[in-house]
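Annotated features, as they stand in Swiss-Prot:
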ACT_SITE  122  active site, proton donor
ACT_SITE  267  active site, nucleophile
CARBOHYD  54  N-linked glycosylation site
CARBOHYD  89  N-linked glycosylation site
LIPID     359  GPI-anchor amidated serine
């Protein structure tokens, strides 16, 4: 009886493991881990959740030491953020970048896999000319500081931008930057090319649909079957808006002389709730958008103009953030509630432990526990099957 019970127990664990592995693959998908909330689980608990989901790429908006500490030896790749408020000082005083790296990155880099620093977020959208002028010098200061530490090959330097930098996005082959930004974007792109770092874009088809629901087919923005559109200049067919937006950015970059810079999606998502005028914000649409997007990522799909380059995406966001300012939608982009329950079904069922783990040793043990238990489950299943075969 005891043997039968254990066999059943491990079969259940094996089934759970196979189900989760089939539902979502970590490769190709990242998650934005925002923390503008007062009800989120501890970083140690989040580490267990992401491990159970097989998500191995995380983007932060800062360099929270508690998060980086909790993910020590976790095999999760981190993009850490350097906030807009640091840029002006770093642009004029490179030692500020050196100090920041020594305080925020160096204590963790030997244990936690930090692969990129995102210098500023949507700088051009601020219309703050001092801030815009500070972006490239600040990025250069950070890169120089990384070089001084011998980390320039291990950690890339980039920045995330809004699609507002484009003046034209339709058709994708005619994508172009706003004229007033070109004087800043040309040297910025030259720097990206020089250090071989990707250009990050925050792309939200939701906004296009919300603003023009009568002109933009819902199926086109939700990756559902639709007629799509054909670019008259290239004859390339687009069946979803996100890919069209990415290719429009590639076209804009090409107009400034670069075909050697990869575009990556640092944010995209769909809100599960919104204000009355935020048409399309619903759990049903959010589930369709993110669920279909995850399928495309797992298929390693490229855009029509870059078919050989699988899209690189960080989904926004891991949790609903109850303290974010702005419309209701801003607080409802999360895939999960703070208690670890899915906001809607996209085939992601993770495990968020109830206990708060605080020590590094305990956190590491918990992160490895999932792997150990699954290994035992597989081993027990094989042994059990072998016994049954011998009995026959």
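Backbone N, Cα and C atoms are what each Cβ position is placed from, and that goes for glycine too.
Sequence features, as recorded in Swiss-Prot, placed on the structure.
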| residue | record | contacts (Cβ under 8 Å, 6+ apart) |
| --- | --- | --- |
| 89 | N-linked glycosylation site | 96 |
| 122 | active site, proton donor | 160, 161, 162, 164, 202 |
| 267 | active site, nucleophile | 32, 160, 202, 203, 204, 314, 316 |
Helix, strand or coil by DSSP: which one applies to the residue listed as 'active site, proton donor'? coil
Under DSSP, is residue 267 (active site, nucleophile) part of a helix or a strand, or is it coil? strand
Return one of helix, strand or coil for residue 89 (N-linked glycosylation site), based on DSSP. helix
